[in-house]
Amino acid sequence: MVCSLGIEGSANKIGVGIIRDGEVLANVRRTYITPPGEGFLPNATAKHHREVILTLVQESLKEAKIKPADLDVVCYTKGPGMAPPLLVGAIVARTLALLWEKPLMGVNHCIGHIEMGRHITGAQNPIILYVSGGNTQVIAYSNKKYRIFGETIDIAVGNCLDRFARILKLPNDPSPGYNIEQMAKNGSKYIKLPYVVKGMDVSFSGILSHIEELADPTKNPNKRKKTQEAESPETKPADLCFSLQETIFAMLVEITERAMAHCGSNEVLIVGGVGCNERLQKMMEIMCEERGGKLFATDERYCIDNGLMIAHAGAEMFKSGTRMPFEESFVTQRYRTDEVLVTWRDD
Amino acid sequence: MDKEIIKQGAEARLYLGKYEGETCLIKERFVKKYRHPDLDKQITRRRMKAEMKTAARCLAAGVLVPKVLHLDYPAHTLYIEYYANAKTAKEFIQETVATQEPGETMKILQDLCCRIGVIIGRMHFDHIIHGDLTTSNILIDPQENKYDIVFIDFGLSHYDKGAERKGVDLYVLERALLSTHSEQPYLFDFIMEGYRVHCGAEGLLVLAKFEEVRARGRKRTMIG
Amino acid sequence: MPQISAKPYESTLRLPFDTQGLAEIAYRVLSVDKEPRRNFVQKTLSLELDVLVVHFYADQVKNLRTAISSFFEALLLCQDTIKQFGNAVAVEPAEAQEENNAGAQSSTDSA
């Protein structure tokens, strides 16, 4: 029996989860929502997290109906992420571990997403598409490491969506990506955008600047005239959202399929905040069907950053004998998925 | 026409067939239903065109590639010269590692990689960006006591004079080697040895760009 | 360690806790994070029974302020966590009692 509490706060979500032997006992979360058109800054995000984190710990214990004494390990996100909000989770986790006299475990955020996805869906050895505000990676497990086969060479897919949502002044509530998805449902006209796949890698920054100009021609005075001539006067935001999704998701499905062909795999697991986009899931499903493969995906409770995934991955590490000296419980902004030795898998 | 299917890839089927009486490879790209039809058409067309154009450019530059014999846009099909005895560099490397002594393996792979590097340098010198450099897209065609190196799959290729795209081309190759041949981490260094031989002053700019692209990858904070 | 000039700006904080045990928890929690290298600030933590002593050296007043204010943020969070969850041991009242007594004892000693 391993009972584990996990704290996640690497970006604008702060969450606490409790899991006991694979059974979800609690998974509570708050999101720092900024005004339309604004992103979240590290120090303001940390302030938000400081204000709610202890309430969330209380809520999770209450929901799980357990006492601190019932826990075996306290886990927190070690990285990657923004340092100030990461530190909030780390300091609370350290203090709790010492107060409750429990071991402390630092968890890689990306590994948390992967293991949570595998646990919830039951996918055994899938190709993993990890898509969020800070990450775009195609990952496959081999020989005790989650290896990155493809990734973005510039900005993350979620960052591309978020920044475009800000250009359109879409609300950040519940998330900019969600509002793009809703808006895209009203679009139908496909507007040609750059499509950039390089091997198994992708690039989004060129697409973003291109679509920014389409949405707001004043952005680039040199091209202003040309753009106005080329585009019909009513380039609707809905069509832009639609076209943006169609283009960047097609790129993601393409590199995922390449990785499947490369590794001879038939399963795909989508994780990360962008992973709950239904259009992306649908496109991936069609690709899988055509190959006789299977898609595994989860809903927003597990896809979007949460404390449960940290609790679960930390529990797996703990069960397989991993221990972290307390002095090493720092946080790190850069922490690659393939740096982690996967001690809990034997395949 | 009788067609013998030899490979089902992620975006195309490969058949063995005939073109004007000669045995050839038929590469048929299929419609991807997950993509918007306009986007699908645009991608398929662009990639077929790239394959044909780049093959011609490579031949002009003295880089060995299969000739494109015929292009059938409506059927999204290419008819390509067939290398019957060739295997991929990926297979060649794996076989070498499995069958040769470590010392001999190093010698063989160093020779291979150096030659590959020279060819990539040659392509970049003529502003040809392959776009999908992997050991699956390089063929080893055995000849008497030696072998030819043949580059294939130019669907993602383009023509670009800038150093940035060339640097990214090398970065994509390095990443592909790391994931496909993780037990032979020296391969990319050997390739770069060959690349440096003929790359000239412009090549040095590419190498600087490559380091920049690489550093960007390491620096990416990956938030969220 | 960053290079600090021969005449550094300095600051010492003395932070008493209810018990020596809690001071030690805060000491361990707050000792983990090093100052960012480009801050040009040195921070040393030590314990004097139930008092956490933190000493800062900086090359500029501005950097000193930044280091101290971010330290305070971490300290307050740690203190709040202790306040809310420190008496969770109250589930086993006998033990909690004992610990409190021990703490009270040592703080008297140090005074």
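Glycine too: its Cβ is placed from the backbone N, Cα and C atoms.
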The divalent metal cation site in TrEMBL includes A:His109, A:His113, A:Tyr130. Which of A:Asp239, A:Asp299, A:Asp305 is also listed there?
A:Asp305
For the binding-site residues listed here (A:Gly134, A:Gly177), which one has the lowest count of neighbouring CB atoms within 10 Å of its own CB?
A:Gly134
Would you give the longest CA-CA distance, in whole angstrom, between residues of A:Tyr130, A:Val131, A:Ser132, A:Gly133, A:Gly134, A:Asp162, A:Gly177, A:Glu181, A:Asn277, the set recorded as binding substrate?
18
Rounded to a whole number, how many Å is the Cα of A:Tyr130 (divalent metal cation binding site) away from the Cα of A:Asn277 (substrate binding site)?
13
Find the shortest Cα-Cα separation between A:Gly177 (substrate binding site) and the binding-site residues A:His109, A:His113, A:Asp305, and name the residue that gives it.
A:Asp305
Report, in whole Å, the straight Cα-to-Cα distance of A:His109 (divalent metal cation binding site) from A:Ser132 (substrate binding site).
11
Taking every protein chain shown into account, which of the binding-site residues A:Ser132, A:Asn277 has the largest tally of Cβ atoms within 10 Å of its Cβ?
A:Ser132
Can you tell me the mean pLDDT for the domain 'Gcp-like' (A:24-311)?
93
Binding-site residues among A:His113, A:Ser132, A:Gly134 whose Cβ lies under 8 Å from any chain B Cβ:
A:Ser132, A:Gly134
Using DSSP with the three-state reduction, classify A:His113 (divalent metal cation binding site) as helix, strand or coil.
helix
